Every structure is written in structure tokens, then in C-alpha cells.
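**Student:** Could you have a look at this structure, given as C-alpha cells, before my questions?
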Amino acid sequence: MDVEGVEESGGTEVLQSKFRYNSPFVQVSLIGSVCFCCPGMFNALSGMGGGGQVDPTASNNASTALFTTFAIFGILGGGIYNILGPRLTLLSACSTYVLYAGSFLYYNHQKHQAFAIVAGAILGVGAGLLWAGQGSIMTSYPPPNRKGTYISIFWSIYNMGGVIGGLIPFVLNYNRSKAASVNDATYIGFMVFMSIGTLLSLAILPPRKIVRDDGTKCTDIQYSDVTTEAIEIAKLFTNWKMLLIIPAAWSSIFFYTYLFNNVNKVMFNLRTRGLNNVFYWGAEIFGSIGIGYVMDFSCKSRRTRGFVGISVVGVLGTAIWIGGLANQLNYSRSDLPEKLDFKDSGSAFAGPFVLYFSFGLLDAMFQSMVFWVIGALADNSEILSRYVGFYTGIQSAGAAVAWQVDTHKASFLSQLVMNFALYTVSYPLLVVLILLAVKDEGEVAEPAASKK
């Protein structure tokens with residue numbers, strides 16, 4: 001067996017360390033680091049509201065273009081990843097993030113939104129490829145009984161990007177309490193991190209080279225072909241498991257537009273928005289670790305753990321959305337509040353800040369829980385790359401609609417109600433999916449794809 005870190009003793013393969021380059025732990029950590037630098041920084045940029053600009057129109061239109069192409073290439077991304085492999089797919093995908101951040105640096109001077117919109121559309125292509133690859137790595141490389149743990153490891157590293165990314169505008173704009181648009185150095189800082197992530201993507205190994213700690217391989221599949229992937233992707237639209245996931249996928253980032261534009265941007269000044277994002281993405285780390293523990297260790301039965309996880313997220317999510325509703329009743333699009341500052345607003349800052357932090361917890365717990373469910377449907381990386389691609393495609397279609405809903409000035413309250421309803425509908429459908437499709441460890445979750 002040609003694998004680094006493996007010794008053979010009496011016919012038994014003994015793996016020396018989980019810190020081997022070809023171990024699931026190292027590879028999941030690496031893809032987490034890539035996402036730390038690229039989508040992590042993108043999240044920080046988006047989290048400021050309006051891409052850090054006074055008028056959110058350019059950002060909203062760029063985001064619509066982004067998530068429209070993301071919806072298409074998210075669905076196609078799993079097939080493309082299976083054909084090209086991780087390095088070529090991820091390298092080309094990550095480079096689009098640098099272009100997007102650069103388009104807002106250009107907009108800071110020229111105020112022409114065409115470049116930002118085109119860059120957004122290109123980023124949508126790259127993001128579709130990146131997240132399909134990331135999802136395949138995160139759900140198929142780990143052993144079946146530790147997928148929740150590895151999802152939380154990825155989510156923690158990835159969201160540290162949002163934490164550091166939130167610090168960039170906070171530090172660089174700290175003395176500009178009346179500032180509206182971020183300065184050039186903020187966008188340049190994002191571009192530097194994104195460039196590092198692009199280079200780091202070259203360190204990701206293909207699934208066939210991954211060996212788990214028990215000596216089992218992730219998969220024997222090397223590369224797929226266009227015809228196979230086209231057929232398998234088309235089948236996803238009639239796959240009842242994927243149909244049950246659609247509401248969860250649609251709702252998972254649909255609320256970003258409302259939260260970032262109509263809570264963070266509307267309620268807080270620029271430097272406070274940066275501080276809020278530090279804590280928002282930090283909350284994601286705690287949320288992912290907490291739900292990862294529940295999904296892997298709360299009960300012996302995997303199906304029972306799934307039910308418990310959905311219940312925990314459902315109860316917490318409902319409470320947070322009720323808190324959001326109470327907050328939203330205090331202002332509207334025609335009656336905007338006075339912007340809060342973390343230093344000058346005193347106790348008035350506390351409640352909205354805690355609410356924003358809580359949405360970070362919910363975001364991580366909900367998405368980690370859904371990824372765990374997807375990962376429990378199969379163990380094969382080829383199948384899971386298509387499942388994750390479908391999930392991210394539907395997710396992005398929802399986000400594209402959400403940005404335009406806000407651009408067309410839908411009321412803040414109606415946007416909140418839509419988000420609350422979507423989340424609420426998704427929980428019972430995920431319960432049905434676990435009940436009918438998720439098997440306990442030792443049972444076959446889904447037949448492996450044929451070898452090529």
C-alpha cells in the first residue's frame with residue numbers, strides 16, 4: 001500500500017498519526033484553511049452590509065449575479081469536481097474571490113457597478129465549484145461515525161476567516177465613527193488573504209489518496225466522465241431525498257440579505273458592523289462545535305442523534321427568530337433607527353448585539369446539521385459531491401432571490417417572516433429524511449458508485 005505514514009506489521013496496516021498529510025484530519029483542516037482565506041473573507045465583506053458601501057445597490061446586484069451563477073454551477077459543481085479532481089477545480093475557484101474583492105476596490109474610486117456585477121457572476125461560478133469540492137471532502141473523507149466532528153473542525157477553521165475578516169474593517173476604520181464606505185486598505189487586506197487561499201488549494205489531495213486512521217480508503221474512484229456526471233446530476237432533480245432537502249437548502253443563506261443589510265447595516269455604524277462580524281463568525285465556531293458534538297456523541301444510534309440534533313436546532317432557531325421579530329417591530333424601512341455604536345450607545349447596543357451573535361450560532365448549527373444529514377446519506381465521495389453540489393445550488397438560488405427581494409424594497413418585516421417560515425418548514429422534512437433514508441452505523445447508507 002503506497003501511503004505515507006503506513007507501516008505493515010504481520011500483514012496489518014498501522015497508521016502512525018492522524019497528522020499524516022493524507023489523513024482526513026489534515027485534509028479537512030486544509031480545506032478549512034482554504035475557505036478561511038476565500039469565502040471566510042467574502043463573508044466578512046458581505047457581513048458589513050452593501051459590500052462596505054453607502055448605497056447597497058451595487059452590492060445587491062453583484063450578489064444577485066453571484067448567486068444566480070452559483071445556483072447553476074453549484075448543481076454542476078459536483079460533476080465538474082468528479083471530472084477534474086480537487087486541485088484544478090479549487091485553484092480556479094479560489095482565484096475568482098480575489099477578482100470580486102478587487103471589483104469593490106475599483107468601485108471605491110469609479111462608482112461604476114458593471115465591474116462588480118461581472119465579478120460577482122464569475123465568483124458565482126468559482127463558488128459553485130469550491131463548495132461542491134469542499135462539501136465532498138468534508139462529508140466523505142472522515143469515518144462515518146465522526147462526520148459531525150469533522151464538519152465542526154472545518155466550520156471552526158473556516159469561520160475564523162470571518163472573525164479575522166471582521167477585524168480588518170474594524171481596525172482599519174476604528175477612528176472613522178462617521179465613515180460610511182470602507183477604505184481601500186480594507187479591500188486590499190481581503191485580497192491578500194484570498195490570494196493565499198488560492199495558493200493553499202494546491203495542497204488538497206484527491207479522494208483516492210486519502211487513508212483513514214483505521215486503514216480504509218476514502219474511495220477507489222479516480223476520475224469520472226462528462227456523460228456519467230450529466231446523467232447523475234439530472235437524476236438529482238427526481239431524487240426524493242434531494243427534494244426533501246430543498247426547503248433547508250433554500251432557507252440556509254436566504255436570511256443573509258435580511259441580516260446583513262437590514263439588521264447589521266441599518267442598526268449599526270461602520271466600525272461597529274466590523275466588530276459585530278467578529279462576534280458573529282466567532283459564534284459560528286461555538287455553534288458548529290456544539291452541534292457537532294450532539295450529532296456524533298449524544299446517543300449511540302446515528303438516527304437518534306439526527307433527531308436530537310434537529311430538535312436542538314429547531315427549538316433554538318425558533319427562539320432566535322422570535323427574538324428577531326421582537327427587534328424588527330421597533331423599526332421599518334420608512335422609520336429607520338439611529339445607528340448604534342459599540343462605544344457611544346451604552347445599553348441600547350446590548351440587545352441588538354446579542355441577537356446578531358445568536359444568529360451566528362443558528363447559522364452554524366443549522367448548516368452543520370444539514371451537512372451531517374447529507375453526509376449520512378452516503379459514504380462515497382462521488383455521490384456526496386453531487387449531493388452537496390445540489391444543496392449549494394438550491395441554496396444559492398434562494399440567496400439570489402433574497403438579494404433581489406431586498407433590492408425591490410420589500411419591507412423588513414415581510415423579509416423576516418419569509419425567513420422564519422422557511423426555517424420552520426425545513427425541520428419536519430429533515431426528520432422525515434432521517435426516518436426514511438439514514439441508517440445506523442454498520443448498515444449500508446447508499447450503494448457505492450461504480451468504479452471506473
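Any Cβ shown, glycine's included, is placed from N, Cα and C.
According to TrEMBL:
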type: TRANSMEM; residues: 25-42; note: transmembrane segment
type: TRANSMEM; residues: 62-81; note: transmembrane segment
type: TRANSMEM; residues: 88-107; note: transmembrane segment
type: TRANSMEM; residues: 113-132; note: transmembrane segment
type: TRANSMEM; residues: 153-174; note: transmembrane segment
type: TRANSMEM; residues: 186-205; note: transmembrane segment
type: TRANSMEM; residues: 240-258; note: transmembrane segment
type: TRANSMEM; residues: 307-329; note: transmembrane segment
type: TRANSMEM; residues: 349-375; note: transmembrane segment
type: TRANSMEM; residues: 387-405; note: transmembrane segment
type: TRANSMEM; residues: 417-438; note: transmembrane segment
**Student:** Are there residues at least six beyond either end of the transmembrane segment (25-42) with Cβ under 8 Å to its Cβ atoms? List them, or say none.
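**Tutor:** Tertiary neighbours of the transmembrane segment (25-42) are 18-19, 90, 94, 97, 100-101, 123, 127, 130-131, 133-134, 137-138, 141-142, 150, 153-162, 164-165, 190, 193-194, 196-198, 200-201, 203-205, 210, 281.
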**Student:** If I count Cβ-Cβ pairs under 8 A between the transmembrane segment (153-174) and each of 88-107, 113-132, 349-375, 387-405, 417-438, which range comes out on top?
**Tutor:** 349-375
**Student:** Near the transmembrane segment (349-375), which residues from the same chain, at least 6 beyond its ends, have a CB less than 8 A from one of its CBs?
**Tutor:** 135, 138-140, 147-148, 151-152, 155, 159, 245, 248-249, 252, 255, 259, 263-264, 267-268, 272, 276, 279-288, 290-292, 295, 306, 309-310, 312-313, 316-317, 320, 323-324, 327, 340-342, 384, 387-388, 391, 423, 430, 433-434, 438
**Student:** Would you kindly check 62-81, 186-205, 387-405, 417-438 and say which stretch has the most C-beta pairs under 8 angstroms to the transmembrane segment (240-258)?
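**Tutor:** Between the candidates 62-81, 186-205, 387-405, 417-438, the best contact partner of the transmembrane segment (240-258) is 387-405.
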**Student:** Please report, as numbers and ranges, the same-chain residues at least 6 past the borders of the transmembrane segment (113-132) whose CB is under 8 Å from any CB of it.
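**Tutor:** Residues packing against the transmembrane segment (113-132) from afar: 34-35, 38-39, 42, 51, 57-59, 61-78, 80-81, 89-90, 92-97, 99-100, 102-104, 106-107, 385, 388-389, 392-393, 396.
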**Student:** Same-chain Cβ contacts of the transmembrane segment (62-81) under 8 Å, 6 or more residues past its ends?
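**Tutor:** For the transmembrane segment (62-81), the list is 46, 51, 89, 100, 103, 113, 116-125, 127-133, 135-136, 224, 226, 229-230, 232-233, 236, 257, 385-400, 403-404, 407.
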**Student:** Which sequence-distant residues neighbour the transmembrane segment (387-405)? Criterion: at least 6 residues beyond either end, Cβ under 8 Å.
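**Tutor:** Distant contacts of the transmembrane segment (387-405): 60-61, 63-64, 66-68, 70-79, 81, 124, 127-128, 131-132, 134-136, 139, 233, 236, 241-242, 245-246, 249-258, 370-371, 374, 377-378, 415, 418, 422.
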